[in-house]
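Database features, via TrEMBL:
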- 159-350: domain 'Ion transport' (DOMAIN)
- 462-708: domain 'Ion transport' (DOMAIN)
- 253-275: transmembrane segment (TRANSMEM)
- 287-304: transmembrane segment (TRANSMEM)
- 316-341: transmembrane segment (TRANSMEM)
- 466-484: transmembrane segment (TRANSMEM)
- 496-516: transmembrane segment (TRANSMEM)
- 536-561: transmembrane segment (TRANSMEM)
- 582-604: transmembrane segment (TRANSMEM)
- 651-677: transmembrane segment (TRANSMEM)
- 684-705: transmembrane segment (TRANSMEM)
Amino acid sequence: MASAVIPNLSADGYTRFNDDTINLRRAVGSERDGHEIESRMEMCAASEEQDLPNMIGSQSSLDHEYVTDGVSGEVRVLSDPKDIGKSWETNYHEAAIYLEEGANNEKFDSHPSDPKAVPAYLLVHNNWYYGLDLFTSSLLLLLALGEDPAVSALKLPVAAHSIMEIAALITLAGELFLKMRWIGWRTILHHKRTAIKCLTLVVMFFEALVVLIRRSSHFRVTRAFRPIFLIDTRSFGAVRRFIRQILQSMPPILDMMGLLFFFVSTFALLGYFLFSGDPHNPNFSSLTSSFVSMFVLLTTANFPDVMMPAYSRSTWYALFFISYLCIVLYVLMNLMLAVVYETFTRVERDKFRKLLLHKRQACRLAFRLLVSKQNPTHVRFRQFEGLIHYYAPNKSPLDILLMFHYLDQSGTGGLSAEDFFRVYDAVTLTWEPQFAHTPWFHTAWPPLQNVLQKTHDLVHWKHFELVIYIIIICNGIAMVTRIGQNYDHLQEAARAFAASWDTILFLAIFVLEALLKVLGLGLSRYFSSGWNVYDFTVTLAALLGVLLNYMFPQLTCIVVLRPLRLLRLFKIKKRYRDVFGTVVLLSPLMSSALMVILVLYYFFAIIGMELFAGYNLKNCCNGTPVEDFYRWSANTTTPGGYYYLNNFENIAVSFVTLFELMVVNNWFIVMNAYAVVVHPSSRIYFMLFYLLTSVVLTIVVASVLEAFRFRIQYKRQTTKREEEKMLHEELHLKWEEISRLLQDQHVLDSLRPHLVVGGTSTFIGCRPRNREVLQNRMYRAEIEEWMNEAAAAEKINQNGNQPFTNDVDAEHVVITESDNIVLGVDREDTILRRLTLR
């Protein structure tokens with residue numbers, strides 16, 4: 001692999017050589033594994049003169065014309081073409097890592113400074129290792145299903161889950177050990193997330209050993225920190241950013257909560273002195289119960305029950321509760337939402353700016369590794385291809401060629417630093433030939449072509465969609481008719497609703513519609529539409545429902561598959577299209593929010609199991625206001641007496657209980673039961689869970705409002721034509737220019753079927769309609785200002801002004817044999833001249 005021989009960074013000036021090319025042949029369609037890399041290195045060895053990388057490896061002080069063997073430590077002149085090939089491969093890999101860190105908003109200070117550490121560095125930054133890290137972290141979380149208290153069907157022996165936990169922790173420790181190889185302890189201590197991960201891993205490892213030795217579990221709240229390992233994986237970068245946004249939004253939330261608790265405490269104190277004298281009103285019997293009652297009233301879960309005892313004494317007491325709810329619920333809570341929304345909007349804009357500038361810095365660092373010593377200001381095609389091989393390995397040679405031409409706006413055959421800054425945008429583009437919009441059947445058999453042409457004209461008929469909408473409405477009317485009829489039993493009703501003759505008739509029409517669209521548009525264009533994918537999916541699901549109904553009549557739940565097609569009617573109104581569009585834009589954010597909530601659930605579920613597992617809630621609260629909810633007997637149970645099921649006997653049941661608490665309907669009943677059974681201080685657990693979930697849900701609501709406002713504002717400022725121009729790029733490829741650029745007959749032969757030989761080929765690049773692309777449009781003026789500020793800062797900074805050189809002293813200036821030939825002077829004079837120039 002490229003890490004076998006690790007060269008070091010440049011410390012001297014540039015030495016000009018003949019700008020010859022390396023014939024790096026890349027087999028089209030190959031898997032591009034280690035064998036291909038070795039093959040390309042052998043091809044490099046066949047060339048007489050090579051491009052030398054201007055900088056090699058990561059952070060070192062040796063001259064770039066010297067190479068250090070990562071195994072033996074031997075230093076030798078970088079003259080072997082195979083060494084040069086390995087050096088380029090190392091640069092490609094590390095440049096791709098820079099781009100990944102830029103996209104994931106990760107710091108750039110974790111690159112190795114010791115050449116011997118590069119093999120470990122490249123091993124960790126590998127897709128296979130990313131997958132192993134994700135699998136191990138997920139397995140560690142899933143162990144909670146089999147650990148005591150476990151789900152009965154998944155219970156594991158203590159030795160089994162302990163060994164699995166230790167194995168997972170050792171695997172995770174292996175990653176940290178590899179990081180030590182190039183980061184060191186001092187750097188890790190500056191990374192808070194990594195430091196917390198190390199500390200948690202050590203504690204959990206010793207706890208798992210104790211469990212394995214004792215063959216029994218003990219009090220282990222540290223299991224609640226297992227999600228740290230999952231969040232730290234590469235796949236959860238968006239979740240980490242969302243958590244960071246939550247933390248950045250916390251100061252104003254804490255300010256509002258402080259004001260909120262002031263009013264809660266004030267009204268609790270007033271309520272105690274107003275109502276504690278009533279022996280029939282236990283809600284205010286003490287200051288503690290008064291505060292708990294007013295805190296629960298904040299969620300309205302105990303209203304009006306908490307008011308009625310006082311209200312029965314005097315109707316004027318209603319003013320106390322009404323004024324309290326008006327102040328804390330309708331004023332302060334909504335004001336907190338407004339504050340969170342304003343803060344979230346500001347944080348979102350600031351996050352976009354920082355991520356944009358972080359990506360620019362990543363491009364600048366990657367650019368330094370891709371330029372050659374002969375041409376230190378431009379990235380050539382073969383270096384760009386080597387980068388994409390690691391950064392986006394799914395891209396075809398044609399895609400890479402189109403990306404390079406898209407970035408090369410000057411047409412010089414090389415990418416300047418400013419051109420390279422747009423590499424993230426280039427990677428998102430998907431390309432198709434300009435004639436892709438011509439009917440897919442234009443080369444078919446002529447008689448068949450005539451039939452398909454008529455089908456094509458039919459699906460493009462302006463009233464075709466209207467006819468489909470009318471059929472969908474008729475389908476809805478038929479469903480309403482079926483619902484209004486009386487049936488002897490549920491199976492007969494399900495058969496009439498989901499598998500009757502009218503159901504089969506409408507399904508046949510919808511299948512015919514899908515078939516006509518596929519024949520008229522072609523598979524690729526048909527499935528490029530989200531609504532077509534939805535129609536196809538629900539039609540296929542409804543057909544499956546008909547078959548299941550005949551095979552398993554008792555499966556009555558399949559009736560839900562038929563009404564799904566009615567959702568297509570909401571496409572007619574623009575307001576609904578905006579709502580669906582907002583949902584699509586929000587889907588990544590909502591996924592991150594969902595993962596944060598699940599992590600929060602896992603944290604509190606583990607703590608809840610450690611604190612409350614094993615307590616029996618049946619008939620637990622006799623003599624308390626909640627006794628009716630827990631009254632149970634073997635023969636009869638009161639209508640509300642099923643609350644004993646809201647417990648923490650395993651992690652699955654705990655998740656259900658926590659969801660009920662998050663919904664806040666009667667959540668205080670569960671809290672008060674554990675306050676009676678365990679200890680009154682257990683209320684702190686439930687109150688903290690409510691507060692934290694309220695914070696997360698408030699931020700989610702703020703994100704939804706901000707996204708909807710953003711989309712509406714975007715729609716107002718952007719016409720349909722401007723949006724299409726923004727989402728599409730047109731590119732022209734001339735065969736002569738491509739031949740001069742590639743200089744590889746094998747690659748040229750593979751591209752012949754896709755290009756016009758001797759002429760010009762036109763391609764259309766499409767951007768995804770995601771939030772980032774729209775933000776680039778909305779903040780275009782700000783982006784230009786941010787980029788100008790960044791460029792000015794780089795000019796002020798000496799390193800930014802001369803990005804390809806490093807400040808060195810005499811002992812770091814290494815003169816090669818080629819320097820002596822070019823300069824025609826001896827070694828000492830050359831060193832003095834270079835130091836004088838610096």
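Here the Cβ of each residue, glycine as well, is placed from N, Cα and C on the backbone.
Note that the structure is predicted; figures quoted are calculated from it, not measured.
Contact between the transmembrane segment (466-484) and the transmembrane segment (496-516) is supported: at least 3 Cβ pairs lie under 8 Å, counting only residues 6 or more apart in sequence.
Highest Cβ pair count under 8 Å relative to the transmembrane segment (287-304), across stretches 253-275, 316-341, 496-516, 582-604, 651-677: 253-275. Count of Cβ pairs under 8 Å against the transmembrane segment (582-604): among 253-275, 316-341, 536-561, 651-677, 684-705, the largest is for 684-705. Annotation: stretch 316-341 has the most Cβ pairs under 8 Å to the transmembrane segment (253-275), among 316-341, 536-561, 684-705.
Ranked by the number of CB pairs under 8 Å to the transmembrane segment (316-341), the listed stretches 496-516, 536-561, 651-677, 684-705 are led by 684-705. When Cβ-Cβ distances below 8 Å are used as the criterion, the transmembrane segment (496-516) is approached by residues 455, 458-459, 468, 471, 474-475, 478-479, 482-483, 485, 487, 526, 532, 535-536, 539, 542-543, 545-546, 549-550, 558-559, 561-562, 565 of the same chain, each at least six residues removed from its ends.
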